[in-house]
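Asks: Just passing along the structure, written as structure tokens.
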Amino acid sequence: CGGGLHHPYFREAMARLFGYVDVTDSGFIVAVLSIAFNPLFWNVVARWEHKTRALSRVFGSPRAACYCLGAVILMLNCVRSHCFTEAMKSQPKLEGLDCHWAYYLGWAVLAVGTLFVISSFLALGFTGTFLGDYFGILMEAKVTSFPFSILDNPMYWGSTAVYLGWSLMHASPAGLLLTAVVAISYTIAMLYEGPFTEEIYRQKQKGVKNK
């Protein structure tokens with residue numbers, strides 16, 4: 001998926017969107033910062049916890065600490081969504097998208113994204129969703145059920161689809177540009193999280209073999 005961000009058509013579409021969006025607007029800047037901050041925050045905190053176990057000591061157990069971090073991440077996601085919506089409202093609509101077909105297309109994309117997010121959460125559970133691996137709460141086996149059976153990182157791509165659908169429903173070029181920022185932020189997060197998580201489970205397997 002990351003390769004698509006460098007595709008000529010993607011770059012051309014981004015150039016057109018920049019022509020419709022005031023990227024110096026304070027609301028737009030706040031939305032970009034909130035989008036970029038969230039994955040940075042949870043990756044830094046989770047790696048710090050994995051290295052020091054500081055949160056587990058403060059909250060009395062790894063599970064309690066994971067639930068606390070999960071609650072903070074949910075709150076930050078609400079703030080991000082609010083900033084995203086406010087940034088869309090403060091900028092003009094795109095006439096070509098301000099029609100019924102775009103609205104219903106956006107609704108469908110949002111529905112699919114929501115399905116991916118909810119089904120991912122149900123498949124992983126709370127600790128599986130909110131970085132429980134970094135707290136030492138490891139899953140017995142890799143999840144391969146839906147939606148992981150058809151897509152890698154469905155939580156991230158589902159969330160991106162939700163923002164894309166929301167932007168189409170509002171005929172918002174600012175929203176489409178911010179959705180691209182969401183996709184880029186998640187792509188970078190996956191590049192860091194994937195290898196690190198795999199190493200955690202490699203260490204687990206080593207420990208099992210050494211027993």
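Glycine is treated like the rest: Cβ placed from N, Cα and C.
Keep in mind it's a predicted model, so treat the numbers as computed, not measured.
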Asks: From 7-25, 26-44, which range did TrEMBL mark with transmembrane segment?
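Replies: That would be 26-44, per the transmembrane segment entry in TrEMBL.
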Asks: Which residue, of the binding-site residues GLY113, GLY194, has its CB surrounded by the fewest other CB atoms within 10 A?
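Replies: Comparing Cβ neighbour counts within 10 Å for the binding-site residues GLY113, GLY194 gives GLY194.
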Asks: Within a 10 Å radius around the Cβ, which one of these binding-site residues has the most neighbouring Cβ atoms: ALA111, VAL112?
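Replies: Per the Cβ count within 10 Å, the most buried is VAL112.
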Asks: Max Cα-Cα distance in Å among ALA111, VAL112, GLY113, GLU193, GLY194, the residues listed as binding S-adenosyl-L-methionine?
Replies: 26
Asks: Using Cβ atoms and a strict cutoff of less than 8 Å, what residues sit near the transmembrane segment (102-124) while being 6 or more residues removed from its termini?
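Replies: That would be 96, 139, 143, 145-148, 151, 154-155, 157-171.
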Asks: Six or more residues out from either end of the transmembrane segment (171-192), which same-chain residues have a Cβ under 8 Å from its Cβ atoms?
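Replies: Contacts of the transmembrane segment (171-192) (Cβ under 8 Å, skipping residues fewer than 6 from its ends): 1-2, 5, 14, 17-18, 20-23, 28, 31-32, 35-36, 38-39, 43, 84, 87-88, 90-95, 97-99, 102-103, 153, 156-157, 159-160, 163-164.
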Asks: Please spell out the DSSP helix, strand and coil residue counts for the topological domain 'Lumenal' (47-58).
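Replies: Here the numbers are 11 helix, 0 strand, 1 coil.
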